[in-house]
Amino acid sequence: MAATKNTTKTYKLNTGAAIPAIGLGTWQSQPGDVGKAVEAALRAGYRHIDGAFAYGNEKEVGEGMRASGVPREEIWLTTKLDNPWHKRAPEALKRSLENLGTDYLDLYLMHWPSSTDPADPTLKTHYKDWDFVDTWREMQKLMETGKIRNLGVSNFGIKNLERLLNDPSCKIVPAVNQIELHPGNPSPKLIAYCASKGIHCSGYSPLGSGGSPLYKNETIASIAKAKDRSIQQVLLMWGVKKGWSVLPKSVNPDRVKANFDLDGWDLTDDEMAKIDAIPDRFKVCGDSWLPVKVFFGDDE
């Protein structure tokens, strides 16, 4: 049997584009660290960088990309429309492109289905006359600029996807739904729903974030030991084999490289089933900080 090659694996989107299976996440990556992490990732072979305006580090992400020496056309670059910018999508896109130092995005996502009024500095007020359906209507127009190759959403459950897709103004089916995905939040109903609509799922916090309960899980630890692999590598392999792109975040160059070491080994069907059977549930990112509820427990 040919050796498993995941570092060059891609998933085909409903646009025909190919998104790399393994990307570098940049959420919670501090200024001063993220540029070096992006550079290290690209030098290690990553070709997928996931960012967001809300992370406050787009400029450094762009600097890291340029410092790597990897041509822009070889890199899949994602960023996201921030909640207080929902009524200003063209301006937000312009700002992100300037920050990143590029003239196009491979993927532009609506970060959250929450149209937050920027007049409230606490970000606890939602527009009364606007929501994510209006935002998507305006984001679709941005495709005409030629500055976005693919358009998608993030943190959308079935309820909000149904509302979006069934609205007459929805002319473009999102290419991607980026959601929290790991064995503690596997979201099988949501994954199946997205698949039925031709929407690729991309998994953030695939390791369960810093101090993850998954690091202490005996099932995962035993599989990692048997494979002579790290728990993190097993978690990432699980995600890739489930069929979604994974976005591990690290600013440590050694861990960045280790997270990419997914070639030449595999998980058996039995090992996958054991991980699938882990009963413990937790979310890294909830919705209590938003002015509207976006998670309705309809993902499992």
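Backbone N, Cα and C define each Cβ position, glycine as well.
Small disclaimer: the values here were computed from a predicted structure and weren't measured.
Database features (TrEMBL):
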{"type": "ACT_SITE", "residues": "TYR55", "note": "active site, proton donor"}
{"type": "BINDING", "residues": "HIS111", "note": "substrate binding site"}
{"type": "DOMAIN", "residues": "22-278", "note": "domain 'NADP-dependent oxidoreductase'"}
{"type": "SITE", "residues": "LYS80", "note": "site 'Lowers pKa of active site Tyr'"}
Residue among the recorded positions LYS80, HIS111 whose Cβ has the most other Cβ atoms within 10 Å: LYS80
Inter-residue Cα distance where the pair is HIS111 (substrate binding site) and LYS80 (site 'Lowers pKa of active site Tyr'), in Å: 5
Nearest-integer angstrom distance between the alpha carbons (Cα) of HIS111 (substrate binding site) and TYR55 (active site, proton donor): 11
Confidence summary for the domain 'NADP-dependent oxidoreductase' (22-278), mean pLDDT rounded: 97
